[in-house]
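Contents: one structure, followed by commentary.
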Ligand code: GLY
């Protein structure tokens, strides 16, 4: 009898928690699809499926992107979020290009030296974990602003799939189980209410994760709109959580938070128009700088995995990351010389000391040591059959953010305060250096590297791309575009072939496995310090060509494409 009851219950849950062909208790990643109507590619099969279902129901790409982000907040808690922030780049069917900035903001009580200890040193344990590490979350405000301006289906329909996933649970993979097990001690250390992410015993592949508190928070958002997060019960829970852990986010900070519509960074590259994210992400300006330099060189003749192309791109990356450290920050607080940084004359002069066949040197005393296992952000790309294309990158910053789960509200808070420069010259978690331009100030947004990008050809969406990966985001997006536009690689190869990264400081070239031994030997001979590392980015790309939508999910993770 009990057996029969269990079977009926599982069957009922399954019916209630299936998205089209995707079942939350039995699903797998789909790495590449070719479809005609619309596609979503994201870090999790269930999130991509939730977005694709919205497209099938007549929702547009913005609706699908919202549903996918909300589903990611449930099924991909290491980076999907309600308690973090993000950026959306949109090319609408009307030919309009806009971006939405829902980056986190420093709380009103934040101060320039809040992470400096009594000995004058930056205490990165405080900027990277626990309650003080969190900026005021922006995601929910961003979802509602983009929906108000471009959504087609009611917001309730976009939230429902996430509520179901949180309430009725979903099966986790071995990788997800390992991630949760690895952080068990942190979850116990930073939380007074035992979060859903902590289990008696260890998680294993095939276990079901239920998140009733998160389901309740999502229900409040469904009923009350953004106020269901920034005011009332949820806001009070965030503030109670802050008081418990000596955090500084107040009810007023939450009420004041606003997502911002911004004009994108746009520029031409070899017959394509690139549409990407402006400040407070450094990504778009840096992409413009890097491609603005690269367009003077015959990259197509050099080819992928050639020492000529790699050396040139390393030197371009080095110079542009040095500019990032010196000049960039929230444009509401600092004057960033964007026009000068991207002017053709400046870009030409920037390479005047470039010597083919010989490495330059990054002159700085500090040598950061980026902690690659902490990088967590997530990207999704969406297109519909109406001509809309959406690129969204969102983040908690580190994997599972600050590890603080708001008590009884079920969502993780970001540790985005570490993206500020806690002290000039001291590297953040990505080894990035910063200056006064990115110093902490109340209500200021921390500089980001997120680079959601749309490439137009003849005025229509051609590529939608983006990736997580902290400081490597910008170089991964750059190399993906160059792989397609200059090297003529397939989308599959542009995403999955190895990537490399140089960020000025530390003066190292990070390389994934897969570049030829001969090329690396030649680069070493030129004086480059080659450093092997895993997983540079997890790039999600959609290309629209000859009426076919090709969506490719990065093979580095469990990322997945869905569409019809
Ligand atoms: N937290 C990573 C970024 O915004 O660049």
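Cβ atoms here come from the backbone N, Cα and C positions, even for glycine.
Here TrEMBL flags 1-24 as signal peptide.
The L-glutamate binding site feature in TrEMBL is assigned to 103, 395, 396, 397, 419, 448, 449, 470. Counting every protein chain shown, 31 other Cβ atoms lie within 10 Å of the Cβ of residue 103 (L-glutamate binding site).
The region 'Disordered' annotation in TrEMBL covers 357-379.
Among the features that TrEMBL reports, active site, nucleophile is placed at 377. Sequence-distant contacts of residue 377 (active site, nucleophile), defined by Cβ-Cβ distance under 8 angstroms and a gap of at least six in the same chain, are 79, 393, 394, 395, 396, 397, 450, 468, 469, 470, 473.
Sitting within 8 Å of the Cβ centre of 103, 395, 396, 397, 419, 448, 449, 470, and not among those site residues for L-glutamate, are the Cβ atoms of 85, 377, 414, 416, 446, 450. For ligand 1, the neighbouring binding-site residues among 103, 395, 396, 397, 470 are 395, 397, 470, by Cβ distance under 6 Å. Sequence-distant neighbours of residue 448 (L-glutamate binding site) (same chain, 6+ apart, CB under 8 A from its CB) are 87, 103, 277, 280, 281, 282, 283, 395, 419. Residues within less than 8 Å, Cβ to Cβ, of residue 449 (L-glutamate binding site) and separated from it by at least 6 positions along the same chain comprise 281, 282, 283, 430, 432, 470, 471, 472, 473, 474.
Other Cβ atoms within 10 Å of the Cβ of residue 395 (L-glutamate binding site), summed over all protein chains shown, number 31. Mapped onto three states, the DSSP output places residue 377 (active site, nucleophile) in strand.
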